[in-house]
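Feature annotations, reproduced from Swiss-Prot:
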| type | residues | note |
| --- | --- | --- |
| MOD_RES | 1 | N-acetylmethionine |
| REGION | 127-134 | region 'Important for interaction with ATG101' |
| REGION | 336-359 | region 'Disordered' |
| COMPBIAS | 341-357 | compositional bias 'Polar residues' |
| MOD_RES | 354 | phosphoserine |
| MOD_RES | 355 | phosphoserine |
| MOD_RES | 360 | phosphoserine |
| REGION | 405-438 | region 'Disordered' |
| MOTIF | 443-446 | motif 'LIR' |
């Protein structure tokens, strides 16, 4: 028997599908940033923790997803697709994978929207978190740098699989049945990466002049937010990305298991960037603001890996023009463009050299192995010790020859001459005379007093002790041979024992009376 979907259930279902689509885009894009994500669990979820997952939304990605959806939801014949592609510094591009969220006409009228659909969408989103990290594009995203970057594009409509080449494979993340149709989340990914293996990349300037990590906090929280050169300022444009609280509706539904409806604090520690109206014809990078350098009007402060800043040119260099409708998501791991905060004159020189991009490999290795103490203070490399380094990198620590010479484990001190009575038998004249050195240089006598030893003359090791006491000798009380005494001998001695008892019967009676 088919049941009609109530207006409240329909409203909840549309809200579930809407935010599932937005969270799907966030999960896919964040999995291609090239960085590991570590999120701590919270016992008090906020109203934006949809599907019981604490996924920090990137405002720019949410803005692009909402712009692609344009108020419509994935339905029969309307699919939402997220295309992941690769672009090199020479301008060559290659599509890597396409994620598709679609719906078919198979309905489940008996399923409950308020509980079952919501929980199954949560499980599907968790499956997506795992699947996005097993496809080949994830490994490429972890290695992106100045040679290539990973781009993404969101579109709504028919799935375009022509760019994946021949022999691409598909994987279905999962399906969730609803009263209006069955949601299906799948992925088609490229397996022929010959383009990457045959081309020899050269050291070139970065593709984008502004390369920012999505997960680095602002080094100067008190400074005013900066704006990329492709965007207008907030006063000129008058349009800004909405914050997390504004971009997401509170997760309130008709059932009691929804998260609380109050947002206590902001989920993100950085200020959102501003979208410029005058650059609509240009492809713009998805970046996060970190602070404005007032001294250099054409340079931007970019947060580095160590919490420092790097001065990067605001205008794109060679190969900076990205494809329209594609957004770059990249943070370089190369040490030539990531330096510590200029706290001294030497650090300032390092920042200027790294911004030019002409650092030698030796300088790169030296920068990597410089130990940082405190926030951004550099410790001289000759002060690096094995104990101050992490365990996996202790083997790469520079060895100090003077310390090795004084180490008693490397060069043990000379042992004193022993007076053991066995000394003469162990060291013969022939063995010591042939070497030309003293006898104690060839042999080191150690007073060996093991445990479980009977005496000092006959030492006993643990194995001998264990074997000896594992099979102990029989007790003397158990060694009497009772079989030698026969029953006849017992009967012959019985009259004698009775006669002795009758003779001393009075003594026995007196003893018994004393006991009473």
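Backbone N, Cα and C define each Cβ position, glycine as well.
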Do any residues of this chain, six or more beyond the ends of the region 'Important for interaction with ATG101' (127-134), have a C-beta under 8 angstroms from a C-beta of it, and if so which?
24, 27-28, 31-32, 53, 171, 173-174, 185, 187
Counting by DSSP secondary structure, give me helix, strand and coil numbers for the region 'Important for interaction with ATG101' (127-134).
5 helix, 0 strand, 3 coil
How does the model score the region 'Important for interaction with ATG101' (127-134) in terms of mean pLDDT?
91
